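Below is a structure I'd like to ask you about.
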Amino acid sequence: MRTSARNRQKNVAVTLVRKIQSSSEAVFAAWTEPRLIAQWLAPGADSVTAVTADLRPGGQYRIDGLHGDGSAYSITGTYIEIIENKRVSITWTYDGPVSALRGATSLVIADLRRRSSDVTELTLSHEKLADREAAELYRINWSRCLEKLEPTSRLHLPIDQQEADNPSREFFTDEHRRLQDRNGTRKLADRLQALTVKHELNVVDAVFIARQNMFFLATTDADGQPSCSYKGGARGFVNIIDNKTLAFPDFDGNGMLISVGNISENGRVGLLFVDFEKQARLRVNGRAQIFTENDKLFSRYPGARSIVRIAIDAVFPNCPRYIHKMALVAESPFVPDGKHPVPRTDWKYLAAFSDVVSEDEAGVETDLDKALSRD
């Protein structure tokens, strides 16, 4: 990650370099598709309200938005150069209440360099700025925007996948409806469904998931017996493949393999993401598949036994009312990172397991509750 500012012939320029965990095609789409531009090209609490774009050299674009205080602004310009999946060059004129950003037309250049099939190096240059005050504001604003670029780029789907439908299913069952009617909440439930339930991720969902280091996974076996598991990893360990697909690694556990076993029998799953620091949560329902080989995500997850991919059926936030506010003390040292040896797991050193684990794990401990941190 590099950032610099330079003064050349009285025109200040800002350059930022980022490695984006997405294909160059997806990053290019995030720069050129209006629906994606609207998701990321607004810093902090700002928001984009409309985007129009005539994507060709000489074509015009316009971005309308609101600053965090509700004041309106617009950004207009012309496409100078477009090289598919490699470069976007545009003029840039801000019209709004921030005086330091108003002034002469400037130039924005986004250069994309393919590092691998799912890694792109972005070099962003904003040139011909009026002064260093404008440069510093743009450096901050672009940095904030680029935090949203990666999850937004993962919302891009190839054209041949964009029309793929999720299996049709009523969100509420007859029993849900019966209980809603008995409690007088049907209209509230209908309004919540209309306002919050979607069939794909938006950028707010994607950014939220990318911040998390744990979630709860609900699965059901072939007989209908449910199970709920805690899944933890490094922050961002749930991979956003695109706006309809998530993936996560299956690391070594207790050997019971209940979650992946249930998925093998019944792929319906529910994921609950909870941010205890911000007191927010998000639910994802979908259909899971397990991949034990030939999945490119294995290179991202050292130590993974399999990769679980989830086709999203529904995604929706939940009321945060009863979430207890907690702060993270430390992430688990047991999460494999491919750089350091994973510490021993105390419960596997219990004498009761000595004949069913490897020789280097066999031990003589006898206190089960202590080994499971339950004492």
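Note: Cβ is positioned from N, Cα and C throughout, glycine not excepted.
No curator has checked TrEMBL annotations; they are predicted automatically.
For reference, TrEMBL lists these features for the protein:
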DOMAIN    23-150  domain 'Activator of Hsp90 ATPase homologue 1/2-like C-terminal'
DOMAIN    208-316  domain 'Pyridoxamine 5'-phosphate oxidase N-terminal'
Per-residue pLDDT averaged over the domain 'Activator of Hsp90 ATPase homologue 1/2-like C-terminal' (23-150) comes to what?
93
In the domain 'Pyridoxamine 5'-phosphate oxidase N-terminal' (208-316), how many residues does DSSP put in helix, strand and coil?
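Tallied per class, the domain 'Pyridoxamine 5'-phosphate oxidase N-terminal' (208-316) gives 16 helix, 55 strand, 38 coil.
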